[in-house]
């Protein structure tokens, strides 16, 4: 009799994805982030569901309902901080996952990569709308500033903004719809993750060498299930340490003040994981130009397969390209720092320089370095 794992219509799908999946024998810990992101997504959905049971999406009670969750609900503080810091964890893992993809040339798996970019945009939209829900000062003003950027779109911009707001300012209608979208999007993300995996399993995973690994595959279970479990333990340790010791480390103190449309905070800024894009947005004095730069700073990921001119897939054996990638990582760190600083000298100039360097490295230096490495290797 055939094993039920291999014959049952539903169980065999899980079997082909997580148990008997042929995986390259040499994938490193950098390949753990996909499964970690899956666990993170499940954690966010579960904690979010419990928060939604006690939250009220109304401007007059939203802030106090979050306070009620933290003070009166059993372990409500834990659920709330797991959800808030889980989002930070999510983005740390996403950025490492993308960095891995760039370093090892995983973007050559075009469908998987493009679905991943769409996923990134969806996750960013979800996180942004989630940040609006507690209805603190930074929630309100962040929503006002970011939604207002759409008014830069020629002709339809102003109407589009009012349509999204559901009125002439960020108000009750905006909060209600943001809650509705924030609730539904994680399930859409889950469906997209399945498509992401479907395309990945069509081609098989990349590996650190960037070479074809069809001649040397091993089953996913037990080798990589145990390896992923170690990753889960590290993630759980990091997240619980953050939640139990410094839950507000990554938050903004302004969000502990209820939203007040008559009082603007001195420095409006998004959560830390958006600061690099926010710095790029602010570095351009023109509104439409800033919005385009903001969108393109993330959309640029789609161009990576076209900008890949090296004869080698991975950067493992390309020290010059490796240096460039680490300079890019340092540059993104500088942009993140600048995004959280006030708009004054010298931060304006540093932000503009870092923004130019960001695009210059990706669009010009990386392709030319690849060509130079080809020449050096006489390829």
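Cβ atoms are placed via backbone N, Cα and C, with glycine included.
Here Swiss-Prot flags 83, 182 as heme b b562 binding site, drawing on similarity to another entry. Feature annotation from Swiss-Prot assigns heme b b566 binding site to 97, 196. What Swiss-Prot lists as ubiquinone binding site is 201, and the listing cites similarity to another entry. Summarising the annotation, Swiss-Prot assigns transmembrane segment to 33-53, 77-98, 113-133, 178-198, 226-246, 288-308, 320-340, 347-367.
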Candidate ranges 33-53, 77-98, 178-198 - greatest C-beta contact count to the transmembrane segment (113-133) (under 8 angstroms): 178-198
Intrachain neighbours beyond the transmembrane segment (178-198), with Cβ under 8 angstroms and 6 or more residues off its ends: 17, 38, 41, 44-45, 48, 52, 55, 57, 112, 115-116, 118-119, 122-123, 125-126, 129-130, 132-133, 143
Residue among binding-site residues 83, 182, 201 with Cα closest to the Cα of residue 97 (heme b b566 binding site): 201
Cβ-based isolation winner (fewest other Cβ atoms within 10 Å) among the binding-site residues 83, 182, 196, 201: 201
Same-chain residues at least 6 beyond the ends of the transmembrane segment (226-246) whose Cβ lies under 8 Å from its Cβ atoms: 29, 32-33, 35-36, 39-40, 78, 81-82, 85-86, 88-89, 93
Cα separation, residue 182 (heme b b562 binding site) to residue 196 (heme b b566 binding site) (Å, whole number): 21
Cβ-Cβ under 8 Å with the transmembrane segment (347-367): same-chain residues at least 6 beyond its ends: 279-280, 282-284, 293, 296-297, 300, 303, 307-309, 321, 324, 327-328, 331-332, 334-335, 338-339, 341
Residue 182 (heme b b562 binding site) and the residue listed as 'ubiquinone binding site', Cα-Cα, nearest whole angstrom: 29
Number of other Cβ atoms within 10 Å of the Cβ of residue 97 (heme b b566 binding site) across all protein chains: 19
Positions on the same chain near the transmembrane segment (77-98), where near means CB under 8 A and six or more residues out: 30, 33-34, 36-37, 40-41, 43-44, 47-48, 50-51, 66, 69-71, 116, 120, 123, 127, 130, 235, 238-239, 242-243, 247, 250-251, 271-273, 301
